[in-house]
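Visitor: Reproduced below are the annotations present in TrEMBL:
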{"type": "TRANSMEM", "residues": "B:9-30", "note": "transmembrane segment"}
{"type": "TRANSMEM", "residues": "B:59-84", "note": "transmembrane segment"}
{"type": "DOMAIN", "residues": "B:60-248", "note": "domain 'ABC transmembrane type-1'"}
{"type": "TRANSMEM", "residues": "B:105-126", "note": "transmembrane segment"}
{"type": "TRANSMEM", "residues": "B:132-151", "note": "transmembrane segment"}
{"type": "TRANSMEM", "residues": "B:171-193", "note": "transmembrane segment"}
{"type": "TRANSMEM", "residues": "B:230-249", "note": "transmembrane segment"}
{"type": "TRANSMEM", "residues": "B:276-297", "note": "transmembrane segment"}
Amino acid sequence: MQCLCMGIAMNKLIDLQNITKAYGDNIVLDDLNLYIKENEFLTLLGPSGCGKTTTLRIIGGFENPDQGNVIFDGKNITKLPPNQRQLNTVFQKYALFTHMTIAENIAFGLKIKKKSKSYIDDKIKYALKLVNLDGYENRKPDSLSGGQQQRIAIARAIVNEPKVLLLDEPLGALDLKLRQDMQYELIRLKNELGITFIYVTHDQEEALTMSDTIVVMNQGYIQQIGTPEDIYNEPTNAFVADFIGESNIIAGTMIQDKLVNILGTNFECVDVGFGKNKPVDVVIRPEDIDLVAPEQGTITGRVTSLIFKGVHYEMEVMANGHEWLVHSTDLSPVGSEVGIHVDPFDIQIMNKPESDDEEAVILDE
Amino acid sequence: MVKKITQKLYIALMFIFLYAPIAVLIVLSFNKSKSRAKWGGFTLQWYKELFANQQIMNALYTTLVLALVSALVATIIGTAASIAMNSMRRSPRTIMMGITNIPMLNADIVTGISLMLIFVAINYTLGFTSVLIAHITFNIPYVILSVMPKLKQTNKSTYEAALDLGASHMYAFRTVILPDIFPGIMSGFLLAFTMSLDDFIITHFTKGPGVNTLSTKIYTEVRKGIKPEMYALSTLLFVSVLTLLILINRTPSEEKINKRLKKKAVQKESNSKFRIFKPAIILIVIAALIVGSFAGMKTTSGKNTLNVYNWGEYIDPEVITMFEKETGIDVVYDEFEMNEEMYSKVETGAVKYDVVCPSDYTIQRMIEADLLAELNYDNIPNIKYIGKDYLQSAEAFDPGNKYAIPYCWGTVGILYNKTMVDEPIDSWSAIFDEKYKNNILMINSVRDAMGIALKYLGYSLNSTDRDELEEATNLLKEQKPLVQSYVVDQVRDKMIGNNAAIGIIYSGEAIYTRRENPDLEYVVPKEGSNIWIDGWVIPKNSENKENAEKFINFLCRPDIALLNFDYITYSTPNTAARDLIEDEDIRNSTIAFPDSATISNCETFKYLGDAMTAYYDDKWREVLSQ
């Protein structure tokens, strides 16, 4: 499903070059460089205030960058107003025109482009079918559910045949079940339309499910760019590791290549090139920890809490003075003594930031 | 059960408090008798006269045009301002909101005076346009107040969504923002319209000659009593506002019902309604602006004009028409209600009046302040028709008759009910008599009240001797327990309605009250009283002095003076005109025309200077607050 054939056949459709944007003293984006390829589903992922929405708004034309250029299909569109850009946006709060019918909402952009009535009618029919809302032409937006409204917002955008669809946390206001349905719906739509999606969200699960490429952002900087698998399995720093899924992030020391000391015990790993006796951060996913008999574990500990999560149990194990978060389908009762084992390739070593400021690591390509 | 009854009682009381005054007004508008105290039978006469009264119709027209144009312009400016303010960052927006709110919190009188001062400062002629500008100014905050919340409510991304779909800024505003905030704009417009209709104070200060709204028109009539036509007009306004309100409140509920019945049809209809609405608004704006500019043109002073400033209801409108016809001079006519008000307008020069009609002591004050131009008697040959006695009396405030020509005059005396007193009254002693306890209506006016006391004690009513004034004050204090109430205006109605035995009244009013109630008798007490004279003067800054003299000369013509006497019913100093009066009773009425002995026994008020005026005020307050 995911397209991993990076680079070769695909053009850069949008190229953000050295984008800087500040509101007063608050620097939102600092010298950001990013390109988006044609037909890609790219997600900007990060906590609120990370600059993802500002990036999207700069692409949409609602904000002007203080510095840098926005190149679209080879043309510099940095100064072009939104109504002249070949892309459309789906807004977080739907932004439907409440005093118009659904049909009038969808026809809005087409009427501006002076399309013929029959063309517009066909497009409305087609778009409503595409979002599974045939027959809603004469309803008013207020009479629709949140999910339906969001689908109308998408229909309204795509009838204009944009090259790129920008989606600003479009599922943020929906409940969990609906959100999951809509995720599949969006993937289907993207495949049917064959256009580029740029998607903004703070929900890592959403990003992992839908994206071809994820851009993790924090405090105005890009932290990591990669496929969902890359991002999940090989986070480049503690922020990414912490943000994407749950992790045990533990301070450790790289003894030598392929050997790391964690909390006084040496673990085998696969990472090389960190130097000798170097302080590092160690990331271990909770599902990658195997609880074994005490004598078989690298270290031993005692289970301090147990929660049933449906698919798995979530346990906390006190070992070597650290609470280890463990996900497992096997139950170990509270108070029992367990051994902890981690396969070498499940241990992810990351450089320790030298100061707090550097927590947001600048990743130059 | 008890709770229910008290609930209903409470509501009933509320309704009575709210609507009883209006009910009285409506009843009075159908009252045949002019008096507020007597029911003379049902009539529609006042409604007929209302529509025939050109002055009231003009005032109504001005009021409506003013309200409409000012509300429209304020709505446009206010909406634009709201949009700009809404897109500001928070702190400048808060500051801007504060600034625009200030005029709303400011006292009207401060706004009014400062607007007038600025018009004077930039030498802008007060007229229709100055009032219009003033109304737009104070209306804008109300529009902002009702549009802002609507703007805040609108989802900001709908505007961006429209841009995103290819709309230009204007198109996005028209199709997306405007329909959303339209209810706010509409209510802002209605609020502004009502505020404009409602305003008196600001209009009062910024209007020029010849411009009258209903409120200023009614105000100028206070001195001579509000005419029943005004009751009729107020009734009509109340009924039309009520109908409007009912209509506005009924429409949405009907729509709701319709919606349930046939959803689709209503939606289409409401859209088409909006489509019709837009051109209609544009048409109204254009029409109102054209009408407004015409109304404005009328008041601009051309070469051959005359700015007259007179008391309300103090000339037969026919006389002005005749004067315009005979001389070809355009008269711009303006009215005042108080000498002090007139004085300040002439003094500031906000409007350059050509001929003004103040009372005796104010004429003296204006002479002392060098505000008046000397009259050229060569241009006023008709002075010969004015009685020598009156010119002589006028010398008290205008030595040598250099500045003023007497116009109307009268005495202050006692009006008493023959059936309620033992013997004919001929002395001020009656109003200080235990016998008439709670049957005396004392006049609530400093100079008149103090003057009466001084006269009764045998002093001059212009006394500045502190001992004499102390004595007079004590006398008035002693009188207080005997007094039923201190009144000015209501004395007419109370005496007609047999509510009191004795009242203090101006001679001009006495004639009218006697016509309504033949038991009433008027007397100028033997100790002497006040004789007041209103006279025509020409301010120094007049730009049409010759026209002003022509006008004064015209008013002195016996036939014209007679017309005015019939209309105003106050005594005329024009002896030739008096001889023309056909009704013998009136011609020989001792009320209208007392013998010269009575006249020479009376004194005119003099201006006593600011300090003494304040002293009089203090003494009178002492009496009232005792």
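Each Cβ is built from the backbone N, Cα and C atoms, and glycine gets one as well.
Can you tell me where each of these features sits in this structure?
Guide: With a threshold of 8 Å between CB atoms, the same-chain residues lying at least 6 positions outside the transmembrane segment (B:9-30) that come near it are 36, 42-44, 46-47, 228, 231-232, 234-235, 238.
Tertiary neighbourhood of the transmembrane segment (B:59-84): same-chain residues 100, 128, 131-132, 135-136, 139-144, 147-148, 151, 173, 177, 181, 185, 188-190, 192-194, 196-197, 203, 211-217, 233, 284-285, 288-289, 291-292, 295, selected by CB-CB distance under 8 Å and a gap of 6+ residues from either end.
Using a Cβ-Cβ cut-off under 8 Å and counting only residues 6 or more beyond its ends in the same chain, the transmembrane segment (B:105-126) has close neighbours at 133-134, 137-138, 199, 201-209, 300-301, 348-351.
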Visitor: Residue list, the transmembrane segment (B:230-249) vs rest of chain: Cβ under 8 Å, 6 or more residues beyond ends.
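Guide: Non-local partners: 22, 25-26, 28-29, 31, 46-47, 49-50, 56, 60, 214, 218, 221.
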